[in-house]
Amino acid sequence: MTDLDFIDVADLRREYMKGGLRRHELTEQPLVLFEKWLKQACEARLSDPTAMCVATVDENGQPYQRIVLLKHFDEKGLVFYTNLGSRKASHLEHNQRVSLLFPWYPLERQVCFLGKAEKLSAFEVVKYFHSRPKDSQIAAWASKQSSRISARGVLESKFLELKQKFQHGEVPLPSFWGGYRVTFDSVEFWQGRENRLHDRFIYQKSPEGWSIERLAP
């Protein structure tokens with residue numbers, strides 16, 4: 001196999017047979033249905049059911065995506081944490097609009113939220129930071145996220161240095177570490193169906209509440 005002998009992906013296909021999504025199964029509030037689907041993803045023992053693809057856009061209009069873990073959700077929004085010097089945080093300084101996608105492939109489902117990311121309060125950040133395993137807290141100090149490094153050894157050496165420094169007592173919260181709450185105004189639920197006639201429903205928020213429409217696949 002040469003470097004140019006790529007896999008022929010055109011014929012990699014299958015039917016989606018896990019079920020459907022009918023209007024009578026929808027809930028008035030999108031977060032209620034999301035919680036139901038998330039519970040089912042957990043019960044199905046999916047790997048990282050809270051993993052979501054977070055899409056942001058830089059000042060030139062170039063979109064970027066990365067996988068981040070959902071850490072909390074309620075009627076106020078969906079919460080994730082990150083290094084405030086990261087690429088995503090830099091983008092959010094210029095444009096707060098984001099897209100969050102939960103791809104639950106084994107269940108042939110996905111949920112996409114559109115909304116605006118706002119920084120969490122210092123109280124929320126401190127509370128969550130100190131709930132993390134100590135090594136994870138130290139790792140937050142060790143990594144200057146999205147910066148270029150010469151080798152992995154540099155990162156590992158820094159981690160070991162900080163582990164020695166913080167071996168006794170509490171790890172302080174880095175000033176460059178925080179979180180965001182995404183307040184959403186659009187949520188789409190997608191369920192794979194046979195013959196590519198997938199079920200899609202979109203919730204959109206207005207002053208009157210949530211409207212629900214079926215979309216063509």
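Glycine residues also receive a Cβ, built from the backbone N, Cα and C atoms like all the rest.
Per Swiss-Prot, the candidate among Lys71, Lys76 that belongs to the substrate site alongside Arg13, Arg14, Glu15, Tyr16, Tyr128, Arg132, Ser136, Arg196, Leu197, His198 is Lys71. Spatially, by CA atoms, the binding-site residues Arg13, Glu15, Arg196, His198 include one closest to Tyr81 (FMN binding site), and that is His198. For the binding-site residues Gln110, Ser146, the largest tally of other C-beta atoms within 10 A is found at Gln110.
Listed in sequence order, the residues of the same chain lying 6 or more apart from Glu15 (substrate binding site) and placing their CB within less than 8 Å of its CB are Glu194, Asn195. Same-chain residues at least 6 positions away in sequence with a Cβ under 8 Å from that of Arg196 (substrate binding site) are, in sequence order, Tyr16, Pro217.
Under the three-state DSSP scheme, Arg196 (substrate binding site) falls in the helix class.
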